[in-house]
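Annotated features, as they stand in Swiss-Prot:
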type	residues	note
BINDING	R26, E88, R127, K458	(6S)-5-formyl-5,6,7,8-tetrahydrofolate binding site
DOMAIN	224-378	domain 'TrmE-type G'
BINDING	N234, T253, I255, T258	K(+) binding site
BINDING	234-239, 253-259, 278-281	GTP binding site
BINDING	S238, T259	Mg(2+) binding site
Amino acid sequence: MSITKEFDTITAISTPLGEGAIGIVRLSGTDALAIAQSVFKGKNLEQVASHTINYGHIINPKTGTIIDEVMVSVMLAPKTFTRENVVEINTHGGIAVTNEILQLLIRQGARMAEPGEFTKRAFLNGRVDLTQAEAVMDIIRAKTDKAMTIAVKQLDGSLSQLINDTRQEILNTLAQVEVNIDYPEYDDVEEMTTALLREKTQEFQSLLESLLRTAKRGKILREGLSTAIIGRPNVGKSSLLNNLLREDKAIVTDIAGTTRDVIEEYVNIKGVPLKLVDTAGIRETDDLVEQIGVERSKKALQEADLVLLVLNASEKLTDQDRALLNLSQDSNRIILLNKTDLEQKIELEQLPDDYIPISVLTNQNINLIEDRINQLFFDNAGLVEQDATYLSNARHISLIEKAVQSLEAVNDGLALGMPVDLLQVDLTRTWEILGEITGDAAPDELITQLFSQFCLGK
């Protein structure tokens with residue numbers, strides 16, 4: 001997609017393909033009303049009031065054949081998502097009918113929209129900035145209510161406001177430095193001394209570092225915790241997965257080696273999305289298929305944010321158990337002693353003190369797993385403070401880290417006694433980096449790449 005503004009009219013199906021109660025085909029652009037009217041039998045859409053819903057039929061203009069009975073929403077620029085004329089045709093849900101209407105609109109002069117092009121136009125037309133555009137996709141992808149809360153707040157402009165206010169303060173500081181350099185005799189502007197610049201720079205740095213401290217929590221809530229369930233065969237890993245999911249997704253049998261691959265599922269644990277990875281039991285095996293599963297399990301363990309190590313409390317520790325304890329000791333790990341409903345034989349004195357005795361069969365202490373996760377990753381604090389602004393996007397986090405580094409360079413220069421005017425470069429770089437977050441200074445290639453990740457029709 002070109003970054004220059006385009007004024008042709010685009011169209012796409014905005015609802016998931018498949019059967020459903022309603023399907024929506026969207027148009028945006030100067031000719032949206034005229035194109036929609038050319039296939040609509042009902043009120044004249046070019047004459048109806050903005051933000052109205054109009055009953056009628058979509059027809060094939062060449063044959064007069066009725067395609068579907070519809071409700072058509074008409075929204076006139078600039079009070080629309082794209083700030084262009086927007087028409088949304090609400091059809092009966094179904095692949096055939098929505099595709100037929102889409103093809104009619106294209107034949108009448110609309111262009112098939114590219115992924116994310118409606119939101120891209122909202123960005124190019126000043127309706128949203130880049131952080132708000134990204135928040136749209138975060139809302140769509142949110143797996144828990146906490147993740148959605150963060151995304152909605154970002155869409156509302158909380159992060160944008162904070163970044164823009166900081167950029168303005170940096171710009172004011174740069175302007176003050178420039179005035180001091182170009183007009184040293186101008187007494188109405190406070191002199192930007194080394195001490196004053198250090199104070200301002202530290203203030204900027206403190207604010208950005210405070211924002212960075214929200215990144216761990218925000219990123220977890222946005223992307224989820226990659227959680228590997230490990231243990232030797234037949235200790236209850238798949239049963240634990242099913243218990244957490246509240247449904248049977250993994251194959252549970254008494255035969256060692258029945259989980260031959262890595263099974264991934266998402267589950268909501270008190271607002272935290274866990275990407276649960278049920279791994280094949282890690283053991284030595286001659287079975288080629290199972291060997292592949294074991295290797296994938298080891299890889300999943302290395303990449304996991306959280307490890308749930310399941311041991312069988314009704315049996316003594318084996319060499320495989322001890323190997324897994326060693327293998328996972330440097331991970332964020334929760335040790336689970338399963339099958340406590342049976343006679344206990346495991347040697348507790350050989351285990352770390354922080355294990356949790358559970359019974360997947362009777363549901364004993366499963367809730368303690370959730371509490372331990374909160375303790376490990378959130379220091380027992382609440383997951384989301386209602387009025388707080390969170391960093392959750394990896395791109396934003398990386399740019400804030402770079403901005404902090406630029407401010408550190410300013411402070412280092414001040415400590416070395418460098419003149420204030422020579423430190424403008426790093427301060428200007430900080431201002432530019434923060435502009436990349438909101439899109440004010442983002443490269444065209446980045447903007448194109450970001451919007452290409454959106455779904456069609458959004």
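Placement of Cβ uses the backbone N, Cα and C atoms for every residue, glycine included.
Since this is a predicted model, take the numbers as computed values, not measurements.
Mapped onto three states, the DSSP output places K237 (GTP binding site) in helix. In this structure, the binding-site residues R26, R127, K237 were compared by how many other Cβ atoms lie within 10 Å of their Cβ, and the smallest count belongs to R127. Among the binding-site residues R26, E88, R127, K458, the residue whose Cα lies closest in space to that of K237 (GTP binding site) is K458. Here the CA atom of S238 (Mg(2+) binding site) lies 45 Å from the CA atom of E88 ((6S)-5-formyl-5,6,7,8-tetrahydrofolate binding site).
Reported as a whole number, the C-alpha separation between N234 (K(+) binding site) and K458 ((6S)-5-formyl-5,6,7,8-tetrahydrofolate binding site) equals 45 Å. Between the CA atoms of K458 ((6S)-5-formyl-5,6,7,8-tetrahydrofolate binding site) and S238 (Mg(2+) binding site) there is a gap of 37 Å, rounded to the nearest whole number. Residues R26, E88, R127, K458 are listed as the (6S)-5-formyl-5,6,7,8-tetrahydrofolate binders, and the farthest two of them sit 19 Å apart at their Cα atoms. Every protein chain shown contributes to the tally, and the Cβ of K458 ((6S)-5-formyl-5,6,7,8-tetrahydrofolate binding site) ends up with 20 other Cβ atoms within 10 Å. Taking the Cβ of N234 (K(+) binding site) as centre and 10 Å as the limit, one finds 20 other Cβ atoms among all the protein chains shown. Residue pair R127 ((6S)-5-formyl-5,6,7,8-tetrahydrofolate binding site) / S238 (Mg(2+) binding site) shows a Cα separation of 47 Å.
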